[in-house]
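Peer 1: Can you read through this structure? Questions will come right after.
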There are 2 protein chains.
Amino acid sequence: MNQDYIKPDAWSIIEEGFEKDRVKSSESLFSIGNGAMGQRANFEEGYSGPTFQGSYIAGVYYPDKTRVGWWKNGYPEYFAKVLNAPNWIGIEVEINGEKLDLARCIEVRKFRRELNMKEGWYHRSFETVLQNGTEVRVDARRFLSLETDELGVIKYEVTPLNKDARVIFRPYVDAGITNEDANWDEKFWEPLETRHSLREAFVVARTFKTHFKVATFMHNTLFRDGKELPVKPLTTQAGDDKICLAYEVAVSRGEKAELQKLGGYTVSMNHAEDKLIAAAQEVIRKAAEKGYETLLDAQKKAWAGIWEMADITIQGDVKAQQGIRFNIFQLNQTYLGKDARLNIGPKGFTGEKYGGSTYWDTEAYCLPFYMSTKNQQVARNLLAYRYNQLDKAIENAEKLGFTGGAALYPMVTMNGEECHNEWEITFEEIHRNGAIAFAIYNYYRFTGDYSYIPEKGLEVLIGIARFWKQRATYSAAKNKYVILGVTGPNEYENNVNNNWYTNYIARWCLEYSAEQVRKVETEYASDYARIKEKTGVKDTEIRQWEEVAGAMYFPYSETHGVYLQQDGFLDKELIRVSDLNGSQRPLNQKWSWDRILRSPYIKQADVLQGFYFFEDHFTREELEKHFDFYEPFTVHESSLSPCVHSIQAALLGRMEQAYEFYLRTSRLDLDDYNKEVKEGCHITSMAGTWMSIVEGFGGMRVKDDVLHFSPKIPEQWEAYSFKINFRGQVLKINVKVSGTEFTLEGETALTVIVNGKQVLVKPGNLVAV
Amino acid sequence: MNQDYIKPDAWSIIEEGFEKDRVKSSESLFSIGNGAMGQRANFEEGYSGPTFQGSYIAGVYYPDKTRVGWWKNGYPEYFAKVLNAPNWIGIEVEINGEKLDLARCIEVRKFRRELNMKEGWYHRSFETVLQNGTEVRVDARRFLSLETDELGVIKYEVTPLNKDARVIFRPYVDAGITNEDANWDEKFWEPLETRHSLREAFVVARTFKTHFKVATFMHNTLFRDGKELPVKPLTTQAGDDKICLAYEVAVSRGEKAELQKLGGYTVSMNHAEDKLIAAAQEVIRKAAEKGYETLLDAQKKAWAGIWEMADITIQGDVKAQQGIRFNIFQLNQTYLGKDARLNIGPKGFTGEKYGGSTYWDTEAYCLPFYMSTKNQQVARNLLAYRYNQLDKAIENAEKLGFTGGAALYPMVTMNGEECHNEWEITFEEIHRNGAIAFAIYNYYRFTGDYSYIPEKGLEVLIGIARFWKQRATYSAAKNKYVILGVTGPNEYENNVNNNWYTNYIARWCLEYSAEQVRKVETEYASDYARIKEKTGVKDTEIRQWEEVAGAMYFPYSETHGVYLQQDGFLDKELIRVSDLNGSQRPLNQKWSWDRILRSPYIKQADVLQGFYFFEDHFTREELEKHFDFYEPFTVHESSLSPCVHSIQAALLGRMEQAYEFYLRTSRLDLDDYNKEVKEGCHITSMAGTWMSIVEGFGGMRVKDDVLHFSPKIPEQWEAYSFKINFRGQVLKINVKVSGTEFTLEGETALTVIVNGKQVLVKPGNLVAV
């Protein structure tokens, strides 16, 4: 553990005391978001010390011109990246003629941040002594409305403690911002129009190239000790891309000067381009009518609704409780599933890193969380996101030489186009296509809703099957189909042949797609006619898929009785991680890339990822053998690694090991294990933490339309509980040391299987097992 | 062939007619150099059309901060690159008030360039009609002195054709230049001092970081119709980094206004830092004393000396003659072997591309040329370059995790540090280490001078053997040593296991190094004591080298009876290049990188490179089998590919194929096959062209201290001749359709073997075979 300044608390993230070198980390940890926008916990009043400024609007991105050392044919020319959006939170504060700036104050006392996850707000407070001798207390509260997702609310209070004060608030909206990670130091925003009145200001700006048009707005109200004041703005500073209003509030010692600022964005994705200011005015009008307290109440209610469904409780370990809630909170801040154009960025609204927003993380790690904790439309939206980008996936495959409607989904994307440019990943980490197909199967397995497949999913499956069919090569030497030159989930191997996981999921895709084509043909004739017309899918083609699947090659070691991660794996020097000198870790910081590549060390589950997805294809003994062969070479240097291992260790009854893996994910960011939280939080791996509890400790599975559980509890805990939204009913599972209790909110009794035995749970009745 | 505007001529490169879109290409082709400096054929008077400005000083480089898409651990932070040097050739010309600029003239007539390779000068002439109606003829002659390699000479003449003219010459020196390929658009030069007088000007500038200090100088003399004029400078423009003098010459119609400009550089590599201007003044004094004609005579004489030794004549094919001379000329312009700190940049003084100056090209391709056409000190200097950088090679290996004095030479270097950053090349194309060891052996084989090994070579061999010993991995599965994760000479495969060429040369290095340690120990006791003291080499260590060498694994196919390029090669779809649709070529422009990687296509000789180096380890039948297996998959998309194949085709008696390969190298730049000559010429592959004739058609080999030949002649030629400097005597070989003639310049009769039979060649006597 590298940092432990976050106070343990079941429902809040709390920091106490001001340390300049924690500012960037806390800016990440205290980020807020509402699925449509979000921002880092930057100080409203500005800060001249080290800070990483970031506001983001979901779906608003920029294709930055690619910059690489050596160009490889096929690289995307542009790299769509998360865009730093205009700033609406800024409020410069002048107190008795001095600008408030925590980097320059004489003293900062009682500095405290709280991110209240239960109610969805962020509060920062401190006392400070200015250079002019004025002592003040500041309280800044902020939340992004779930109810109206274009709206954010700030309540900023200044109370002079030792003398009267003339407080000037200078709230602003500013589109003159840049990205820290811009490749060519270009500006991404073009300012178009500004408008302002006594209380309000608007800056309309448009992104270059992508032409997203955004009105950033604010509305200000002033109070003295809770009593609203008339507004008399001082000098207004109006530039091309920034408007700053100014208001003075004179307060006596102990009196509160308060600015309430409503702000946010209206975006051309959701409004007519010429109506953005009008739409913003409407948002302001409604919000101003309600007022701060009403808006805050609605916020609490909305978050209560989310927690009602998604909460996991842990008794006996407050840090574990805080950790899992932080993960669930961040996932919900990032993506709420209302809009099929959006997806789950690896940093959410907490940083710029990793460029695009969508990785295979969504299908492999996030989908189960959203399926279990939201209604099924949310999961459907995640699937539809890929369906809507199928044309681009086909284009992407064409760029790489595939034909006839073969689809290769990008490794990283925003709008369906590839936005990654390491050849060994971009072109070769093709197993992502498998996860996208698997998610379609997984959705049906969990929800029982087959309709998605004839409606949309089958077209995606056809594109993916076509890709695998072409990507496999017939090896005359082996008389088998091989898949050459790939990077598996373990990115510590590049350009290998016959990565078992890739070959396995490729075969599965071919078989599953063939099956689904036949099923839709038989059972959904009109859908099939449309799909056939659109894709030209043919029976001869299906038979080719089956032929390739039937003759797929899998590297296997007779000596060890395990499938090999790839051809030649046994040529490596097989020294276990536990026998490595600790000074060599983490490998990705200590070893040069070539050394990592020729070592046996595994970054994240690879063969075992296949055993996770296709658990029911293997016996427990087979899992154990593979787990015992591969885990000792695994360094878990990806945030996505420990969860899969935790689930499998739990399945194998190794609770201590399972718990150890669990710990590595649940407080990854809060404790800043990798010393990088200042760049943002690891949003997608947070879903893995949720899986570790529900699928790992809880043993939740769906088999043949029935929920299964095999609950286990870590020694360190007294009890834990979670809920599963299963086909329209909500099942609560409360695991105690003494046994497990099930309760059902719904209308129909539900049979579940607990440790292999049927249990009938009736609505409203608690069943203990 | 993409361009054919160069006029065929046995001794000159000639362009006639002015075409704006040829300017950049011609700037490359007409580049001049003298081993110490050089520049592209930029117009002295400036040019406002598309141009690529470049002047270069050998050994003066800049470590540009690396810029990559995704950082890999181990990448060099800086990337040393060839530096665009201050401009001394510039002479702005004003004629009757109008600046001369070929991009803006009303008409350009009789434009002609000639690069006279025999005498080493460049002449550009044209007639033009200015916008002000003045018609002039311009003759600009330029050469870089071989005799005084800090000196360049320009003679610039303007003759008005239709009216009298007031000609103002504005010669300048300018350090305010940039690199086109700078990663961060930084300036690389810091101006320090300027000085000027009536005739002379100096700009002293220093490179940032590397602190090379350079005085760029000029000295001007004026003539009217050949008669020297007194100088009366007009306004001088003196800036921080540029000084421009101005002189007026009034001439009547038909009279010649002439500026003679001496210029060049004195560099802190060769002079005390505070004496650079003084040194420049001395260069100027001596040159001015001699005058233009004397300097030009010396130039002709110096080039005659080079040609006397290095010329290859071809009768019956003037374009082939021009091609081979262009190659020999460029090699000599680039590197003359006087200074062991210098090496042979892939673009010489003709462009910026490829950054560093030294690749394995030097050892594998260039060394044989310099051994045969210069005295052996030149080859020794090339070897010593690596010896002098041994410490850096050891550091480089340490960065990658090797220990105990193991040395890995960089893929690309300037000062011994790596300056390449593609992981699959930088970290994995390690066979370069083998070529460096092989060059030591090759030098001894050719010259018979063993002294280099105890003096310097053995330390290099020890470092290299230590590297291979550590880089090989013991595979328990194979009970053999394997070498994992490499890129062979065929860069269309990355991160492969057991590249046969790499394993083979690694084994050879281990064995050869062990042998040499034992030999030096026995025969050069005092050298051995010094080396042992310095390197700590131990007998146990030698035995380990031998153990690894003895158990090295080589992939082999029983079915095909050939060594496999790497593990798994036979899993590929083995479609021959001849069966590929032509529209797919060149692959590196048409296919994405992953597709190239999983294809069987070979960029340049890989297994066959091993058969080239170790020809005597294999039978002719084995060579034939491997040639017939691999060449059909070879796309020759490296300029270094055709020569090896040409030599082997000739050896196999396939003269038509050999000639076809020869054609692909000899006029690569003159005819601009790859449409990229504007970026500069392919200097190192030019040595391959030389090898194609001498080793290919001539069949020259050295075995057991004896020269062997098996002369063949392409059908298209009547005769060709070349010379070999063999151990202090010069043997001339003249191959005709009817037979071969040998003549010897030297003192001692020489026995050579021609087509297997001994032939005694006595000094002065022509022997016909």
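The backbone N, Cα and C atoms fix where each Cβ goes, glycine too.
Annotations in TrEMBL come from automatic prediction, not curation.
Below are the features listed in TrEMBL for this protein:
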ACT_SITE  A:Glu491  active site, proton donor
BINDING   A:Trp360, A:Asp361, A:Lys603, A:Gln604  substrate binding site
DOMAIN    A:14-268  domain 'Glycoside hydrolase family 65 N-terminal'
DOMAIN    A:325-691  domain 'Glycoside hydrolase family 65 central catalytic'
DOMAIN    A:700-760  domain 'Glycoside hydrolase family 65 C-terminal'
Peer 1: To the nearest whole angstrom, state the Cα distance for the pair A:Trp360 (substrate binding site) and the residue listed as 'active site, proton donor'.
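Peer 2: So the Cα of the residue listed as 'active site, proton donor' lies 14 Å away from that of A:Trp360 (substrate binding site).
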Peer 1: In the same chain, which residues outside the set A:Trp360, A:Asp361, A:Lys603, A:Gln604 have their CB within 8 A of the centroid of the CB atoms that define the substrate site?
Peer 2: A:Tyr359, A:Ala364, A:Pro489, A:Glu491, A:Ser638, A:Leu640, A:Ser641
Peer 1: Please work out the mean pLDDT for the residues of the domain 'Glycoside hydrolase family 65 C-terminal' (A:700-760).
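Peer 2: Value for the domain 'Glycoside hydrolase family 65 C-terminal' (A:700-760), mean pLDDT as a whole number: 96.
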Peer 1: C-alpha of A:Gln604 (substrate binding site) to C-alpha of A:Glu491 (active site, proton donor): distance in Å?
Peer 2: 8
Peer 1: Take the Cβ of A:Asp361 (substrate binding site) and count every other Cβ within 10 Å, whichever protein chain it belongs to.
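Peer 2: Its Cβ shell of radius 10 Å holds 23 other Cβ atoms.
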Peer 1: Check each residue in the chain of A:Lys603 (substrate binding site) that is at least six apart in sequence and keep those whose C-beta is under 8 Å from its C-beta; list them in sequence order.
Peer 2: A:Asn490, A:Glu491, A:Tyr492, A:Asn588, A:Thr634, A:Val635, A:His636, A:Glu637, A:Ser638, A:Ser641
Peer 1: What number of additional C-beta atoms lies within 10 angstroms of the C-beta atom of A:Gln604 (substrate binding site)?
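Peer 2: Excluding its own Cβ, A:Gln604 (substrate binding site) sees 24 Cβ atoms within 10 Å.
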Peer 1: Around the C-beta of A:Glu491 (active site, proton donor), how many further C-beta atoms are within 10 angstroms, looking at every protein chain?
Peer 2: 20
Peer 1: Need the DSSP three-state call for A:Glu491 (active site, proton donor) to compare against my parser.
Peer 2: coil
Peer 1: Among residues A:Trp360, A:Asp361, A:Lys603, A:Gln604 annotated as binding substrate, what is the maximum Cα-Cα distance? Answer in Å.
Peer 2: 16
Peer 1: Among all the protein chains here, how many other CB atoms are within 10 A of the CB of A:Trp360 (substrate binding site)?
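Peer 2: Step by step: centre on the Cβ of A:Trp360 (substrate binding site), count other Cβ atoms within 10 Å, giving 23.
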